[in-house]
Each structure stands twice: as structure tokens, then as C-alpha cells.
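Before any comments, here is the structure.
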Amino acid sequence: MYTTGLIGKNINYSESPEIHNNYYKKNNIPFFYKIFNLKQDQIDDFIKNLHKNNIKGFNVTIPYKETILQYLNDIVYPADKIGAVNTVAVQEDKLIGYNTDYIGFIKSLQYYNIQVKNFKCLIIGSGGSAKCIYYALKELNARDICIVSRNPEKARLKFEEKVKILNIKDENKLDRYDLIVNCTPIGGPNFKEQKPIELKEIKKNCVVYDLNYTPKRSKLLKEAKENGAFIINGEKMLIFQAYSAIGLWCLNGIKGGR
């Protein structure tokens, strides 16, 4: 039996173990998935002991999707372009980083039959998840993508020069957007009573997507629904990216990869 898992901070709420372990059992894959709640100063030891602990692959979530880059020997497109990794394959002599969130997000839009071509899009946040969503929307030919951040100066260092980045306090004309995506943990399990932004006026058929999936309806999604939006939480994205990660780990070889 080989170990896989999720590294992050304050992530006991994650549904990933259930998704992965059910899939492993159903498909007779000799993997077990567990949570690794790590502080920043524990990551070094985690990486050093991967082979000792028989870990063949792991996912990465908040706040380490960018931190993990320094430990990788190879980063596969589009993760290299995004600058954030959420899936790592452990081979005998190297660590390979991928971004299956990218695939999961695109597949979730396909699942809900949402075509974002020519959409005006607003991304809330500027971390690893936001960068992933930006490049996915760009790939899908969204017409216009704007990013709002609590720290726009810092955010500008992470994105292409042409990207429009505003202070989250200054963007109040939300009725211009066809799609709004929350890429922050605000509204998620550790911040349930908060909203990342006020949805005062939005298009009636606007799609509001919260990458958080616990609770099923965040305060943001509840408000969006009340204002006539089509709402999506991050559950389908989580499932699709999980299946993609499993495929990569199996592709790399159950017996250590070649």
C-alpha cells in the first residue's frame, strides 16, 4: 500500500480523502490518501521523508501552492506558466509538479455547460488559485479578465503586465461581469461568516463561482442566488482535479515511477 495525500494548513475539513479513497477502493488501486496539516517550517522534513514514508504523490492546497515550487525538479505545463502547483508526482529521483486545478476548473465549466468565450470575468484574489483560474479563462477565450486583490501592488508582481488589477475596495461596478470567481478562502470553512466582496448589483444571469465547497453555499453564493445569479461551488472542480491527479500518479508508475 502506497501513501498519497494533501498538504496544507488548517485543512481537516477537506473532502479529498473521501474522494480519493473511494476511487482507490472501487478501482483496486493500492493507494491510501490522508491529510498532512503542515506548518511552513515542517515542509522541509515532509519532502525529505517522502520515500521513507512510501509517499508516491501528493496534492497541495492553501497556502503552499507557490511555496512548493522550490522543491520540484520539473514543472509541467501549464503549472510552469501559472506559477502554482497543486499536484506532485514522486518519482525515484525527482519531484514533478502539475496543476490539475486548471483541468478541474475547465471540466467543471463543461459539466455545467458554461461557455465563457467573450465573457467579462472578475477574479477575486491573487494567490495560486487565482493565477490558475486566470490562465484557464484566458485559454477559454474570455473577452476580458479583471482581478481584484487586497494588495494590488503585490498582485501585479504575479501576473502578466497587461492584466487589469484593482484594489478589492475600489471595484463596485459588478454589473459589467458575466462571471465572478472567488479564489480566496473567505467564505470557506475557516471564514464561514465572511464574504470576499459585496454583490450589490450583478447581471441577472451572471455566473458566480466560489472555489470553496464547504459550506455548500457560502454567504457569497447565497447573496448571489438572491440576486438571480447561477451559482457554483468548488465541489465538481475538486472531484475532477482529484481524478486527474490520480491518473498522473498511476501514469508515473505505482512502483515508484520511471
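Every residue, even glycine, has its Cβ placed from backbone N, Cα and C.
Summary of the site annotation: Swiss-Prot records shikimate binding at SER14, GLU15, SER16, THR61, ASN86, ASP101. Screening the candidates TYR209, TYR213 against this entry identifies TYR213 as the one listed for that site.
Swiss-Prot lists GLY125, SER126, GLY127, GLY128, SER129, GLY234 as NADP(+)-binding residues, and of the candidates LEU157, LEU211, LEU251 the one it assigns to that same site is LEU211. Whole-number maximum of the Cα to Cα distances across the NADP(+)-binding residues GLY125, SER126, GLY127, GLY128, SER129, LEU211, GLY234: 17 angstrom.
Nearest neighbour of LYS65 (active site, proton acceptor) by Cα distance, taken over the binding-site residues SER14, ASP101, GLY125, GLY127, LEU211: GLY127.
Comparing Cβ neighbour counts within 10 Å across the binding-site residues THR61, ASN86, SER129, the minimum falls on THR61.
The Cβ of SER14 (shikimate binding site) lies under 8 Å from the Cβ of LEU6, GLY8, ILE35, THR61, each on the same chain and at least six residues away in sequence. Across the annotated binding residues for shikimate (SER14, GLU15, SER16, THR61, ASN86, ASP101, TYR213), the two most widely spaced Cα atoms sit 17 Å apart. Taking the C-alpha positions, the distance from SER126 (NADP(+) binding site) to TYR213 (shikimate binding site) comes to 19 Å.
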